[in-house]
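Undergrad: Feature list, courtesy of TrEMBL:
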- C56-C61: disulfide bond (DISULFID)
- R152, T154, W165, S214, H217, R249: FAD binding site (BINDING)
- C356: active site, nucleophile (ACT_SITE)
- C356-C359: disulfide bond (DISULFID)
- C359: active site (ACT_SITE)
Amino acid sequence: LTGVLDDCLCDIESIDDFNTFKIFPKIQKLQERDYFRYYKVNLKRPCPFWADDGHCSIKDCHVEPCPESKIPVGIKAGSSNKYSKAANNSKELEDCEQANKLGAVNSTLSNQSKEAFIDWARYDDSQDHFCELDDERSPDAQYVDLLLNPERYTGYKGPSAWRVWNSIYEENCFKPRSVYRPLNPLAPSRGGSVCLFSWTGLCLEKRVFYKLISGLHASINLHLCANYLLEETWGKPRWGPNVKEFTRRFDPVETKGEGPRRLKNLYFLYLIELRALSKVAPYFERSVVDLYTGNGHEDAESKALLLDIFRDTKSFHMHFDEKSMFAGDKKGAKSLKEEFRLHFKNISRIMDCVGCDKCRLWGKLQTQGLGTALKILFSEKEIQSLPENSPSKGFQLTRQEIVALVNAFGR
């Protein structure tokens with residue numbers, strides 16, 4: 001791939017150089033640190049769209065949850081919105097105060113009203129989310145060590161996997177009028193016809209949405225091609241790059257010209273998440289944010305490395321400019337932004353339909369990472385007006401969102 005990306009003032013060679021020499025070595029180090037390697041996820045949520053038909057029984061699909069004893073004490077004990085040691089130590093006091101307050105209010109409330117209040121709070125909290133979030137308090141939510149459960153090709157494929165991606169593209173994506181995609185593996189072979197690619201009638205926002213989903217798809221497919229189960233002899237699997245599989249998914253001839261476009265969309269996704277990292281820097285530059293695990297030395301090093309990455313992201317001069325999005329008349333822009341958010345939220349729910357646990361884990365994590373990036377890009381004013389020494393009411397990231405953002409960008 002060479003040349004300039006559509007909808008950006010950026011060329012592929014510049015991104016390659018910047019990523020290879022500046023970002024990639026640092027982000028790789030960051031992902032290995034305790035704060036970013038443990039991700040809490042519920043892999044047992046039922047598929048909300050169809051009966052679960054294709055649960056993968058291949059052993060490489062299995063995800064090994066982390067035993068409680070291995071989780072750093074600060075991560076295990078800390079509330080999802082609290083990062084600093086002081087915030088975690090004051091938790092008991094706050095819980096006590098909150099219990100008193102709730103006790104005073106509860107005596108005058110019916111159970112139905114209490115449930116309504118909880119629902120309202122949850123609704124208010126979800127208004128700026130682009131993702132359906134797992135309930136971390138669910139007994140089915142478990143910590144997973146991402147380093148011990150790497151994203152790679154497990155053998156999960158066929159109708160079940162095809163249906164997930166088809167649902168994402170057909171039902172949830174603003175897409176070009178015609179675009180070549182593999183046919184349904186369930187249908188009788190008809191031979192794929194060449195489709196002409198046309199952006200007719202799609203505004204910038206809808207083009208961006210489609211490119212993000214296509215870029216996410218390309219990213220996941222690339223990881224599977226790069227870390228493929230090549231052979232399993234005497235129970236010893238050998239993983240490595242599968243060039244034939246890469247060619248099948250991305251070669252211009254094999255994909256009727258679509259492959260290089262998919263790869264360009266991956267670069268576009270990179271730029272969007274890079275932009276989000278540079279925009280969210282002020283949130284983390286505050287002293288109140290500690291990346292707390294309970295190990296003071298490690299926490300300080302993790303934060304220093306994260307801030308170093310932020311400095312690099314700001315030094316890159318060819319960012320995607322999100323200000324050109326949703327810039328029409330206020331009413332139309334607001335409704336388009338809401339449509340954008342709800343489409344993406346639906347896509348995050350479809351990840352609960354993935355039949356392979358390992359694929360579901362990485363699908364959920366990368367979708368949440370991209371959803372967090374979008375939340376950041378649409379919260380610029382709130383981030384700029386954050387108080388220095390106290391938690392923010394206007395803009396907040398949970399630990400889950402932070403871990404997902406960094407790991408998704410790392411992928």
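Numbers here mean position along the shown chain, with the first residue as 1.
Placed from the backbone N, Cα and C atoms, the Cβ positions cover glycine too.
Those TrEMBL annotations? Automatic predictions, nothing curated.
Model, not experiment: these values are computed from the prediction.
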Undergrad: Of C61, R152, W165, S214, H217, which recorded positions are close to the residue listed as 'active site, nucleophile', meaning a Cα within 10 Å of its Cα?
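TA: Taking C61, R152, W165, S214, H217 one by one, the ones whose Cα falls within 10 Å of the residue listed as 'active site, nucleophile' are C61.
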Undergrad: Cα of R152 (FAD binding site) to Cα of C359 (disulfide bond): how many Å, rounded?
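TA: The Cα atom of R152 (FAD binding site) is 8 Å away from the Cα atom of C359 (disulfide bond).
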Undergrad: Looking only at T154, S214, which of these binding-site residues has the biggest number of Cβ atoms within 10 Å around its Cβ?
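TA: Of the binding-site residues T154, S214, the highest Cβ count within 10 Å belongs to S214.
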Undergrad: Distance between C61 (disulfide bond) and R249 (FAD binding site) at the Cα atoms, whole Å?
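TA: Computed Cα spacing between C61 (disulfide bond) and R249 (FAD binding site) is 21 Å.
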Undergrad: Between the Cα atoms of R249 (FAD binding site) and C359 (disulfide bond), find the distance and write it as a whole number of Å.
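TA: Distance (Cα to Cα, whole Å): 18 Å.
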Undergrad: How many neighbouring Cβ atoms, not counting its own, are there within 10 Å of the Cβ of R152 (FAD binding site)?
TA: 19
Undergrad: When neighbour density is defined as the number of other C-beta atoms within 10 angstroms of a residue's C-beta, which of the recorded positions C61, C356, C359 has the lowest density?
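TA: Among the recorded positions C61, C356, C359, the sparsest Cβ neighbourhood within 10 Å belongs to C61.
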Undergrad: Quick one: largest C-alpha distance among R152, T154, W165, S214, H217, R249, binding FAD per the record, in angstrom?
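TA: Max Cα-Cα spread across the FAD binders: 21 Å.
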Undergrad: At the Cα level, what's the spacing in Å between T154 (FAD binding site) and C359 (disulfide bond), rounded?
TA: 8
Undergrad: Using C-alpha atoms only, work out the spacing between W165 (FAD binding site) and C359 (disulfide bond) and round it to an integer in Å.
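TA: Distance between the two Cα atoms comes out at 12 Å.
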